[in-house]
Amino acid sequence: MKHLLSIADLDREEILAILDTAISMHEVQGRDVKKLPTLRGRTIINFFFEDSTRTRASFEIAGKWMSADTINLTGKGTSVSKGESLRDTVLTIDAMGVDMMVIRHPASGAPRQIADWVDCSIVNAGDGTHEHPSQALLDAYTLRRSLGDLDGRHVAIVGDLTHSRVLRSNLLCLRKLGAEVTLVAPPTLMPAGIAGWASTDGFTVSYDLDAVLPTVDAVMMLRVQRERMSGGYFPTAKEYAVTYGLTARRLALLQDHAVIAHPGPMNRGLEISAEAADAARSLVLDQVSAGVAVRMSILYHLLAGEGSAQ
Amino acid sequence: MTPTAHQPTSPPLLIRGGDVLGQGVQDVLVVDSTIAAVGPDAADEAPQGAQRLDAAGMVVLPGLVDLHTHLREPGREDAETVESGSQAAALGGFTAVLAMANTTPVTDTAEVAETVWDLGRRAGYVDVHPVGAVTKGLAGEELAELGLMARSRARVRVFSDDGRCVDDPRLMRRALEYVRVFDGVISQHSQDPRLADGVACCHEGELSGRLGLAGWPAVAEETIVARDVMLAKHTGSRVHVAHVSTAGSVEVLRWAKAQGIDVTAEVTPHHLMLTQDLLTGYDPTFKVNPPLRPAEDAQALREALADGTIDAVATDHAPHARQDKEHAFVDAAFGMLGLETALPVVSTLMVQEGRMSWTDVARAMSTTPARIARLTDQGQGIRAGAPANLTLVDPDRRVTVDRARSRSLSRNNPWHGRELTGAVHLTMLRGRVTAREGLVWGEQ
Ligand SMILES: [Zn+2]
């Protein structure tokens with residue numbers, strides 16, 4: 001594996017290998033001295049064309065704990081306005097001899113395009129409304145820790161699915177791990193062509209959260225931006241919260257063992273109530289702490305695995 | 001029109017044994033700027049010193065006319081100039097092109113129209129007819145000086161805000177009414193901007209959903225086509241639908257024509273042959289507006305072109321400098337090259353596959369576009385007395401497209417690496433050979 005661009009590129013075994021390695025990486029996190037020599041002498045650029053404190057910090061810590069030299073670069077928005085093409089921008093950095101670029105970009109597909117242009121490894125740290133593979137891997141890791149093997153487990157993903165890169169990666173990842181998936185959102189926030197997609201990839205679409213909740217082992221709530229109201233995606237925040245929010249009332253619909261996930265940042269009172277966010281069955285903070293371990297595992301598989309030594 | 005003083009005419013030329021459309025295998029004699037004779041006796045009339053060209057196995061077409069070309073001059077001469085685009089056009093078998101108005105400055109006055117016209121005359125490879133903007137600065141708010149452009153030396157007859165849709169129905173109505181006086185036509189880029197918002201960059205459907213790209217639904221095009229044919233009916237004016245891309249638009253056109261509404265439509269070679277599946281690697285070469293659609297739409301477009309519901313093939317040749325394409329997909333410029341490959345694509349897809357005859361090709365790529373644009377000395381057919389605008393095609397010759405060998409200044413060529421069957425052998429503008437076997441006038 002040279003790049004991590006999309007969960008679509010990984011098979012089940014590769015996903016499980018990353019999740020299994022993450023278990024030992026997670027142990028490092030519990031130590032007093034959190035340092036492995038694995039990536040000594042390697043240089044990783046965190047190239048963030050879009051702000052993301054959480055993801056950037058997580059990748060940076062992961063790199064440092066593995067003794068890589070990590071450097072952060074920001075490229076606000078795109079460089080279109082500066083007259084320099086994206087290709088020129090990344091070729092300049094690549095020419096400095098880095099081993100890996102971790103790319104966050106507001107445009108879908110940018111990491112894949114960049115991987116075609118440069119020699120170093122590329123990790124997609126979130127591209128537009130396309131994918132966020134490291135998030136999906138850490139979500140799968142977190143769910144596996146609570147539920148065990150995900151084969152046959154039922155996960156609902158709820159919220160602004162059209163604009164969510166987390167959705168696309170999670171959907172692919174959970175399906176590859178054998179989970180049943182149901183997507184829940186108002187029709188206006190379902191990705192285009194969802195019916196055809198659902199029948200090809202074997203998942204279910206529902207507009208009725210109350211009907212879905214009693215059947216799930218996990219419910220993953222996605223952030224809904226209030227700005228979508230002005231785009232005509234839904235009428236009011238109140239209507240959204242009542243219809244699609246994980247309210248205190250809805251918590252009671254869950255099976256006893258069912259867990260709650262949210263990739264953050266949360267809109268408390270909109271897609272998730274405080275009761276749900278802070279419930280004992282909420283995995284929100286576990287997801288954050290798993291983030292570093294899973295990203296250490298990703299760096300390990302891309303930079304320290306066989307094939308990367310030469 | 002005559003060639004300008006510094007452009008000498010070619011010596012008399014006898015084209016021997018070519019397939020002249022509807023007339024079988026014939027000889028064609030060209031003297032000065034005119035077809036002097038067609039038929040078995042043509043050789044007898046050839047003057048002393050006439051050159052001879054063996055055209056056995058070739059097809060003689062009237063010179064091709066492109067209703068939809070972007071030449072980028074003035075303003076973006078790094079992407080294309082009138083000269084480079086004209087050379088590409090001649091190599092592609094064209095003798096006339098309509099140059100879209102979205103230049104810098106916009107072609108929205110007689111002065112800019114005449115500038116483009118003069119640049120075309122000076123280059124001399126094809127007739128360059130400027131398209132006038134419908135609205136000032138393409139802003140969609142006030143009518144441009146349509147009448148002054150029509151009365152200028154450039155004699156503008158086609159008006160378009162191409163790149164943008166004239167979405168205000170009242171303004172579109174007024175434009176249609178206004179151009180009737182001088183027999184103008186509004187060529188519409190049909191795309192409701194409210195249904196196709198600013199970040200949209202591909203067809204909306206399952207693939208855009210998977211790729212996480214905001215798309216245009218087909219209905220953004222279809223509702224404008226439907227509205228415009230009703231406005232054309234109401235005003236009794238001519239409306240032309242640029243680059244039709246969906247099966248639904250074809251249905252609307254079919255209905256409108258059955259009603260006797262004066263509507264014409266064009267389709268691009270890329271919408272005929274290429275489909276949205278090419279976007280899975282996010283290569284901006286395949287980013288175009290309107291977007292590549294699913295295979296069912298391409299199929300409907302091919303049928304509509306073959307049965308005449310779509311009147312013409314137009315290239316929408318849209319050259320872009322490298323730095324404008326080498327961005328993230330959503331940020332990259334829209335458009336692809338088309339002038340040099342249009343005929344080979346139509347040959348491969350429509351003629352070789354038995355969907356169209358060469359007579360149909362002559363209609364869709366020469367006669368009808370010339371009529372739509374009211375070009376009096378183009379698309380006249382191959383007959384004695386007609387201006388010698390013609391294109392010789394070698395229908396069986398295979399070409400592998402190489403973007404590096406393009407005469408365009410740009411390289412955004414979606415056909416790169418593809419093998420196409422059918423090649424332009426020679427192009428002649430008013431008796432002068434403008435392109436021959438890959439070389440343009442002056443290089444031969
Ligand atoms: Zn257009």
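Positions of Cβ are set from backbone N, Cα and C atoms, glycine also.
For the carbamoyl phosphate site, TrEMBL lists A:Arg54, A:Thr55, A:His132, A:Gln135, A:Gly264, A:Pro265; matching the candidates A:Arg31, A:Arg87, A:Arg104, A:Arg112 against that entry yields A:Arg104.
Closeness to chain B is evaluated for the binding-site residues A:Arg54, A:Arg104, A:Gln135, A:Arg165, A:Arg223, A:Pro265 by Cβ distance, with values under 8 Å counted; counted residues in sequence order are A:Arg165. Taking every pair among A:Arg54, A:Thr55, A:Arg104, A:His132, A:Gln135, A:Gly264, A:Pro265, the residues listed as contacting carbamoyl phosphate, the largest Cα to Cα separation comes to 17 Å. Set side by side, the binding-site residues A:Gly264, A:Pro265 differ in how many other CB atoms lie within 10 angstroms of their CB, and the most is found at A:Gly264. A:Arg223 (L-aspartate binding site) and A:Gly264 (carbamoyl phosphate binding site) are 7 Å apart (CA-CA, integer value).
Once Cβ contacts within 10 Å are tallied over all protein chains shown, the binding-site residues A:Thr55, A:Gln135 are led by A:Gln135. In this model, the domain 'Aspartate/ornithine carbamoyltransferase carbamoyl-P binding' (A:2-144) carries an average pLDDT of 93. You'll find the Cα of A:Arg165 (L-aspartate binding site) roughly 5 Å from the Cα of A:His132 (carbamoyl phosphate binding site).
In this view, the densest Cβ surroundings among the binding-site residues A:Arg54, A:Arg104, A:His132, A:Arg165, A:Arg223 belong to A:His132, judged by other Cβ atoms lying within 10 Å.
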